[in-house]
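> Here's a structure for you.
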Amino acid sequence: MKMSREEYAELFGPTTGDKIRLGDTDLWIEVEKDFTVYGEEMIFGGGKTIRDGMGQNGRITGKDGALDLVITNVVLLDYTGIVKADVGVKDGRIVGVGKSGNPDIMDGVDPHMVIGAGTEVISGEGKILTAGGVDTHIHFICPQQMEVALSSGVTTLLGGGTGPATGSKATTCTSGAWYMARMLEAAEEFPINVGFLGKGNASDKAPLIEQVEAGAIGLKLHEDWGTTPSAIKTCMEVVDEADIQVAIHTDTINEAGFLENTLDAIGDRVIHTYHIEGAGGGHAPDIMKLASYANILPSSTTPTIPYTVNTMDEHLDMMMVCHHLDAKVPEDVAFSHSRIRAATIAAEDILHDIGAISMTSSDSQAMGRVGEVIIRTWQVADKMKKQRGALAGENGNDNVRAKRYIAKYTINPAITHGLSHEVGSVEKGKLADLVLWDPVFFGVKPELVLKGGMIARAQMGDPNASIPTPEPVFMRQMYASYGKANRSTSITFMSQASIERGVAESLGLEKRISPVKNIRKLSKLDMKLNSALPKIEIDPKTYQVFADGEELSCQPVDYVPLGQRYFLF
């Protein structure tokens, strides 16, 4: 039997060579490989193939290895590739990406992907599946951020804070062992993975070690607490010993030293630099130079991406609020103006496009929007395609660019903070934190958000309706968000030192606990598809940015895709 590509796609989803548009962007991904078998596709429903004795094996039990969940015929968009496959989940983890079914009557079935009577099905035909996002720049200012982030497709939040305290509104630090314990306890209620950064600003190691042993997955150096060369050196010594990450927000006003002094204090040790663009903070005007160094893992935040006609005006007011500045104090106003530079903000988009900035993150409620990491990452990708054209290696599709940009908020932040053994990609063995998208709504409104293999958020209609689809349809909490299910489907990340000291047990934590690890030997070359090391120079008078001698400049846009048209209802 033969059928047209159009007919096949309508029934079973796109196959090798077919293209899918991402939302209302100008980005098109092309299926590189199809792991399903033509004629033996797994389809659920009346008269379909997932029935007893057909695609469903009638003998295999859960103990024998039957899948708990299969997502059928879905297109995976991951840094590893853009492929069509079935995705198998067992005990909350991904056990296979390939062909599912009943090996008794079918060829090519992955032995780890056998469908049995205990297997649930999510139909992925015509849908896109991605890994849950990892946001590494969270100010834990209000718990409602968790709901917004999860509803956007972000499933892991890393950062610091204790609520709307003045320090937390400005810096991503959960300061001290007592607050670390309380935040670990609070995290029990949320169906999302979390990890907390302690305050890294101290000239002695003891208060830093205390926070690491209390559970901190890393330390945060922030200029508002004094990011001096002494504090940097002390912090770096502690994280090297504990195999955790340090995130740094450098000295905007160059009070305790210049960029070169910070580099000397860091040495050749790996560090995650926040706000590489500078608008969010850091050595003015040349913090962006750090993206040239192999031991620097650079990220930027949602406020400045993509560069639009409104970016400059919006930032000045935000700056005054977020950093507790006074518009009546001339020095505070000058501080704000020193950070908002059009030339470096414009260069930020291009550095993302060439893979020199490795990660995107939110800076939640502290200049950034926690629910817009994914939206804004894809808006930059769209803007760069329109302004810079296709990337090398692309032939009639945007696969190279798509894989580069999805890596910025999935695998690369997971690697940077030592979580990639658990999350960050759609790969065998990882927690099944997965996001299912209708291509029309890609990047904006997920259809389903799975945590540890269970649906935590979904687009759902009127609960009193006779079917799930009647209006109003919007993102609602699902069963993985309730009771003890949120504890068994999510992870609290902690330092190895705190785990060995029994902190989780002493606090009575019930969530899965996992250590961060394999951090201190990282380099930028470990950043997937975002490891470029151009020589970056910045004119101190005009703030023009040059990479390998080429000026990086682009125009602000007055329209972005994935924008207001999606939020009319």
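Heads up, the Cβ atoms here are built off N, Cα and C, so glycines get one too.
What Swiss-Prot shows for this protein is this:
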- HIS323: active site, proton donor (ACT_SITE)
- HIS137, HIS139, LYS220, ASP363: Ni(2+) 1 binding site (BINDING)
- LYS220, HIS249, HIS275: Ni(2+) 2 binding site (BINDING)
- HIS222: substrate binding site (BINDING)
- 132-569: domain 'Urease' (DOMAIN)
- LYS220: N6-carboxylysine (MOD_RES)
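How buried are the listed features, and what sits near them?
Cβ neighbours within 10 Å of LYS220 (Ni(2+) 1 binding site), excluding its own Cβ and spanning all shown chains: 29.
In the three-state DSSP reading, HIS275 (Ni(2+) 2 binding site) counts as coil.
Note: HIS222 (substrate binding site) has non-local neighbours ALA170, THR171, THR172, CYS173, LYS199, GLY200, ASN201, HIS249, i.e. same-chain residues 6+ apart with C-beta under 8 A of its own C-beta.
In the three-state DSSP scheme, LYS220 (Ni(2+) 1 binding site) is classed as strand.
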> Express the predicted model's confidence over the domain 'Urease' (132-569) as a mean pLDDT, rounded to an integer.
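Mean pLDDT for the domain 'Urease' (132-569): 95.
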> Cα of HIS275 (Ni(2+) 2 binding site) to Cα of HIS139 (Ni(2+) 1 binding site): how many Å, rounded?
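With the alpha carbons as reference points, the distance is 14 Å.
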> Rank the binding-site residues HIS249, HIS275 by the number of other Cβ atoms within 10 Å of each Cβ, and give the residue at the low end.
HIS249
> According to DSSP, collapsed to three classes, what secondary structure does HIS139 (Ni(2+) 1 binding site) have?
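Where HIS139 (Ni(2+) 1 binding site) sits, the three-state DSSP reduction gives strand.
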> Taking the Cβ of HIS139 (Ni(2+) 1 binding site) as reference, which residues of that chain separated by at least 6 in sequence fall under 8 Å from it?
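Listed in sequence order: GLY159, GLY160, GLY161, SER168, LYS169, ALA170, THR171, THR172, ASP363, SER364, GLN365, ALA366.
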> I need the least crowded one of these binding-site residues (HIS137, ASP363), counting other C-beta atoms within 10 angstroms of each C-beta.
ASP363
